[in-house]
Every structure is written in structure tokens, then in C-alpha cells.
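Participant: Below are the features listed in TrEMBL for this protein:
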DOMAIN    2-225  domain 'Nucleoside phosphorylase'
ACT_SITE  Glu10  active site, proton acceptor
BINDING   Gly76, Ile151, Met172, Glu173  substrate binding site
ACT_SITE  Asp196  active site, proton donor
Amino acid sequence: MAIIAAMQPELDYLLEQLDKRQDSVAGAVRFHQGEINGVQVILALSGIGKVNAALTTSILIERFAPDYVINTGSAGGLKTGMQIGDVVVGNEVAHHDVNVTVFGYEHGQVPQLPPRFFANQYLIDAARQAAQVFSGAEIYTGLIVSGDQFIGTAEQNRFIKEKFADVVAVEMEAAAIAQTCYQLNVPFVIIRAISDNGDADASISFDQFLQQAAIHSAKMVINLISVYKS
């Protein structure tokens with residue numbers, strides 16, 4: 001099982017739980033192998049943005065051939081009523097900053113690929129089981145959208161909601177990871193926790209609550225690993 005995070009704070013809690021740790025480097029990517037709750041895992045720090053995420057996912061899959069890929073970290077909450085620290089299970093993922101609609105594609109759709117990438121049903125079900133023993137936050141399931149921009153204005157927020165009426169959260173890597181997994185035929189799921197609301201206060205909220213979101217997301221992933229082990 002492989003777990004990818006974009007930023008070091010999003011990976012730190014998982015590294016603390018990693019037993020029998022072995023580190024390696026491939027290209028510019030550092031990997032950490034070991035066990036969490038008796039399950040063999042590979043942790044990877046991708047860096048921020050879709051290119052970094054796709055590169056890391058590609059190297060990871062080629063080098064380690066994981067059965068599953070999980071993306072963990074923070075996100076901006078776009079669903080009414082969401083609170084800081086709430087967790088989102090991304091059962092579908094899309095790019096919000098891809099636009100070739102002039103050629104008849106849906107907004108967010110990369111040509112020759114589906115408009116949305118769907119997470120593995122087994123992993124979604126495992127996440128739902130994991131949510132039953134998760135305390136301290138609400139758990140949402142739904143669409144996560146990604147783009148190479150931090151969403152921190154009302155205009156950006158409104159644009160995304162207009163294009164994706166069912167969107168739950170927004171961030172900067174999940175769609176690239178999902179697309180790479182889709183093209184390389186590796187099952188995936190996205191687990192994110194809310195650090196901000198993707199509005200004018202997002203940058204302040206993100207800095208203040210990144211640690212809380214990172215830990216909530218990581219704890220949810222650990223719960224999922226326990227379900228997977230059972």
C-alpha cells in the first residue's frame with residue numbers, strides 16, 4: 001500500500017507510526033518503506049502541485065508496484081457546513097483548471113480521458129468502515145477537484161462551484177494522482193481533511209490549521225489500514 005502526501009507536515013504523523021523504516025531515493029523523490037499496524041506501506045512526499053504529484057505517483061508505481069495508492073493531506077472545504085478538521089473521502093476526482101470545452105469536452109476533462117476519475121470501491125468501503133471509529137470530526141464522501149492554484153478568493157470559489165455543483169473539497173494534487181493511477185491501472189482513494197474554506201480567509205486559515213488537518217487525514221488513513229489488515 002502506498003501513501004502520498006504533498007507537504008512534510010502531511011506526512012510527519014504517518015512517519016511517526018512507521019515501523020521497520022527503510023529510506024530510499026528515486027530521482028528527486030524520497031521514499032520511506034516500513035509497516036503501519038503490521039501492513040507494509042510506502043510513504044512518499046510529492047511536493048506541491050499536479051506535476052510533482054504525477055511524477056511521484058509514476059515513479060512509485062514503477063518502482064514498488066503497490067496494490068493500492070492513497071493520497072492524504074489537507075484541502076479547502078467547499079460544501080456548506082464543513083468545519084476545520086472534517087475529513088473527506090474522495091470517491092471521485094476531477095481537474096478544475098483544465099478547459100478544452102471548445103472541442104466538446106466537459107470542463108475539467110483531459111482529452112481522451114474521462115471527465116472524472118473514480119476511486120476504488122473496496123477502498124471507499126474500507127474508508128467508510130474506518131470512519132465508524134473516527135472521532136472528533138465529520139466524515140464526508142464526494143467529489144474533490146484539483147488545480148495548480150491555491151483557492152483563496154470568493155471569485156475562485158464561485159467559479160469552481162459553478163463548474164462542479166457537487167464539489168465537496170478542492171486542493172492541488174489529487175486529480176493528478178488519480179489520473180496517473182487510472183492510466184497505470186492501480187486502484188486509489190483520496191483522503192483529505194479540511195484546513196480552510198477556500199475563501200478570502202483561506203491563506204490565514206491554512207497556515208493556522210494545516211497541522212490539525214494533516215493529523216486528522218493521517219489518522220483516517222491509519223484507520224483505513226487497520227480495516228485493510230482485518
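Glycine is treated like the rest: Cβ placed from N, Cα and C.
For each feature listed, report its degree of burial, its nearest neighbours and the pertinent distances within the displayed model.
Facilitator: Counting only same-chain residues at least 6 apart in sequence, those with a Cβ under 8 Å from the Cβ of Glu10 (active site, proton acceptor) are Thr72, Gly73, Ser74, Leu210, Ala214, Ser217, Ala218.
In the three-state DSSP reading, Gly76 (substrate binding site) counts as strand.
DSSP assigns Asp196 (active site, proton donor) to a strand in the three-state reduction.
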Participant: Can you count the other CB atoms that lie within 10 A of the CB of Gly76 (substrate binding site)?
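Facilitator: The answer is 28.
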Participant: Which one is closest to Asp196 (active site, proton donor) in space, judged by CA to CA distance, out of the binding-site residues Gly76, Ile151, Met172, Glu173?
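Facilitator: Of the binding-site residues Gly76, Ile151, Met172, Glu173, Gly76 has its Cα closest to that of Asp196 (active site, proton donor).
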